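Single-structure report; data block below.
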Amino acid sequence: MTKVCAVFGGSRGIGKAVSKLLAQRDYKVAVISRDLEVAKAAAAEVGAHLALSCDVSKENEIQDTFKEITNNLGNVDYLVNSAGIRRDALLLRTRSEDIRSLLSVNLVGTIQTCKLALRSMIQQQGGAIVNIGSIVGHKGNIGQSIYGASKEGLIGFSKSLAKEVAKRNIRVNVVAPGFIHTDMTLGLEEDSLTKMVPLGRFGDPEEVAQSVLFLLESPYITGHVLVVDGGLQLQM
């Protein structure tokens, strides 16, 4: 039976590359973005089956999104959480509203989508979740204390959840990218930052998508953090 895949943040960057790769493998893909028109455009481009809008900081919108997916495609088998934001600043200069936004979107939103997806997966007696973290969650970085906290929190959450649901044949893993060519890395000084990467370049979203697919389809891997960073962690 064809798998149903929900990709939050699936309209751009890594999420879009994941949506495209899953669609190419003939999975039923729902592309989810805050902006419905952007989601529709991305879904049409990558060959997805459904486009939906959802603000993951709002629990009621997440609930409505899963209802739409179930009604249109069926129960969710695979969940990919790629929705995220960045608000870089030294902690003393970080606004309280930015702290709340970062934690709400990057961490709490992912927790809520996982909670809703589990209901479908338990009915299906199996499933897989891949949450997109960051090398910053592993190693830390100046000016990204809250962002790093949200991503490291995601790792702790994912490992704990993997233990909770393993007996139900549900797997939970994390992909932690380094410097990847996406909207989030626009404006960075690529020439100087590339010198920190042993492989000598930024990665492409498609390379991260391959790692996500690997974890979704690997039946004996759970609770794992797969770092995709060109060796950046070796230098940090």
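Keep in mind that glycine also has a Cβ here, set from the backbone N, Cα and C atoms.
Record features, source Swiss-Prot:
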- TYR147: active site, proton acceptor (ACT_SITE)
- 11-14, 34-35, ASP55, 82-84, TYR147, LYS151, 180-182: NADP(+) binding site (BINDING)
- SER134: substrate binding site (BINDING)
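Feature map: Swiss-Prot annotations on the structure.
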{"residue": "SER11", "record": "NADP(+) binding site", "contacts (Cβ under 8 Å, 6+ apart)": "SER19, VAL31, ILE32, SER33, ASP35, VAL38, ALA39, ALA41, ALA42, ALA43"}
{"residue": "ARG34", "record": "NADP(+) binding site", "contacts (Cβ under 8 Å, 6+ apart)": "SER53, CYS54, ASP55, ALA83"}
{"residue": "SER134", "record": "substrate binding site", "contacts (Cβ under 8 Å, 6+ apart)": "TYR147, GLY148, LYS151, ALA176, PRO177"}
{"residue": "ILE180", "record": "NADP(+) binding site", "contacts (Cβ under 8 Å, 6+ apart)": "GLY13, ILE14, PHE202, GLY203, ASP204, PRO205, GLU207, VAL208, VAL228"}
{"residue": "THR182", "record": "NADP(+) binding site", "contacts (Cβ under 8 Å, 6+ apart)": "ARG12, GLY13, ILE14, PRO205"}
By a simple count of other Cβ atoms within 10 Å, which of GLY13, ALA83, TYR147, the recorded positions in the record, is least packed? GLY13
Neighbour count (Cβ, 10 Å) for ASP55 (NADP(+) binding site): 17
Helix, strand or coil for TYR147 (active site, proton acceptor)? Use DSSP. helix
If you run the three-state DSSP split on ILE180 (NADP(+) binding site), which class comes out? strand
